[in-house]
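Peer 1: Here it is: the structure, laid out below.
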């Protein structure tokens, strides 16, 4: 009864009248409403203890302290004689958190944001925080143009003061831009200006960048694009006065109006450089030269500032400040650019450290460095080290960090942070390819043997037409100067007829050794010696083969053996940004070989492969790839180049959409030769005196292949796997011909195989995936230019480890 009177009194009078201005001595403290929170924990959070004399201010502080714990959503403090009665209502505990209706935002991202706000399973539920989260999520949807979106938190009570929390999303549809207006433009049309925007009110089918869905961030980017467009064309006084974004009543349409002031065009009258140039005034002035009467260009000014910083960075000035201040003369419409440079301190490298290389030895990474310890810091040298590490192929990512040495004004440590990839593989499996049929592979390949950088491989494969095995070893640093040494031994049993070639069997084995000589950062020369033994059998006489056998002095042979020694040479230019799935740069690879004295054959052979990647966006997700492959070979000393050394085209690695090796010259079998076999191994003979035409490819001594690809982001693939999957649209073309072909030696219905103009073409789509099994390549191509005897194969794929 006394407590009820006290509560009524507290509503009618101030706290001072309740507790008394002089206060009272607390004899005991009682709690009501505690469930999850222990009494001891609650007492520790209070500033009042038994025996204290308390007044109104102490009671207010007690209430605030209990609220501050975050455990209570209601607190009342009452007096019952000399007992302090604390009535609390605990906040419920979150038992579970679920989401419904969220399509644009993933559950994991929502959980991270909730946890950052203190909302997680097992914690108390703060309804105020929940309201802020609802509003924040709705603001996010508004920023991406979904103005009809709503987010509601549904709290379901459970026993023992627990609750289930469910966030219910109604995302709605994105508001589409109905019209973009630019007001105040006179020099350029609205259509011209909007054509450079990401946001559009109209998007043609071919525009893969434009978007009618409104997003606040994209609008901000487009306004910067508009500003740069004018500043780059001399409009130094250009200004965006205001921007209005209007929403239609149904919240499904957006109207954007941008008000601008163009101003006049201004020309640069000169550039004045001042400040601490660190003795490099001449080089800096070369970077600031302008042509007389050149229009003011904001992008060029920014590039000039960056170039000055890079120049100073190469000389150890790691943190230079470069500021350009345009002085505008409205009278003669000119701009004088005043550039202030402060080179700052020159920094020296105390240490170069590596992090993340758990397998690779420090020495393997350190030998790729161009920046030296103890020397001044060169930003270009640090970047070269990063490029070289990337090209090793040992790492998924390589990052650099320049860290100042504590207590030093002129020293830094350079840290290379790497994430190693699995450079070794033990493979035993089965694959299938449209070109090779069922294939069995087994092998051990380690590109970074025991962390030493050595490449060691024991590999083998067996399919419908080939049995192949190889042992190879390469030491990329045979000498401290970077001269590499590589060698291999191999065995190959090749059934040509099963590979859609003219019929013969070749059992070969051999070895070679090669030295690589680095010329500079991007160029390497190679030279080596090789030996190969070829044992040919089951040769069915055909014109190209007969020509070779005649040049060897054994025209009627059905079996033949040759031992050849070769001088092998090559040159590689490699400026790709990374080893696998590159997106920028070029690679040129020239290889060749020529027989040397002691060989049964006398011939030479040269191949040239090129690849150029050109990114068309800043993120390197859209890339144009151009590839070419050229090959030529011929005999020496009156002998022919062996037919089994011919070039071939067709298949997934050359001209897609055609069966492997089927492009180019076909076998013309001589009278009496076995020309074809059925399923019972019964054969038919050629009975024509002039020879029999066939569809069996024989290749040629000359080849030309070109490909143009447009690499695009792969749909439905998350960013996590973007670097292991690649999609592209392609156009392939190529041909193979025989420069020694004599049309008079064949029947009249046989094409002229010496004509290089018989070009095949195809177009299609390809998907590449670096799967756990190894490379997996799908392609679908439609040949749209082909010739008699060509074999089309629209869908092609290869699964399994390739060597």
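Residue 1 is the first one shown; counting continues down the chain.
Note: Cβ is positioned from N, Cα and C throughout, glycine not excepted.
Pulled these from Swiss-Prot:
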| type | residues | note |
| --- | --- | --- |
| DOMAIN | 24-91 | domain 'POTRA 1' |
| DOMAIN | 92-172 | domain 'POTRA 2' |
| DOMAIN | 175-263 | domain 'POTRA 3' |
| DOMAIN | 266-344 | domain 'POTRA 4' |
| DOMAIN | 347-421 | domain 'POTRA 5' |
| SIGNAL | 1-20 | signal peptide |
Peer 1: Determine how many residues of the domain 'POTRA 1' (24-91) DSSP places in helix, in strand and in coil.
Peer 2: 20 helix, 26 strand, 22 coil
Peer 1: With DSSP as the reference, give the number of residues of the domain 'POTRA 3' (175-263) in helix, strand and coil.
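Peer 2: Per DSSP, the residues of the domain 'POTRA 3' (175-263) fall into 21 helix, 29 strand, 39 coil.
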Peer 1: Under DSSP, the domain 'POTRA 4' (266-344) has how many residues in helix, strand and coil?
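Peer 2: Going through the domain 'POTRA 4' (266-344) residue by residue, I get 24 helix, 29 strand, 26 coil.
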Peer 1: Count the residues of the domain 'POTRA 5' (347-421) that DSSP assigns to helix (H, G, I), to strand (E, B) and to coil, and report the three numbers in that order.
Peer 2: 19 helix, 29 strand, 27 coil
Peer 1: Average the pLDDT scores across the domain 'POTRA 5' (347-421) and report the rounded value.
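Peer 2: Within the domain 'POTRA 5' (347-421), the model's average pLDDT equals 88.
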Peer 1: With DSSP, how much of the domain 'POTRA 2' (92-172) is helix, how much strand and how much coil, in residues?
Peer 2: 27 helix, 27 strand, 27 coil
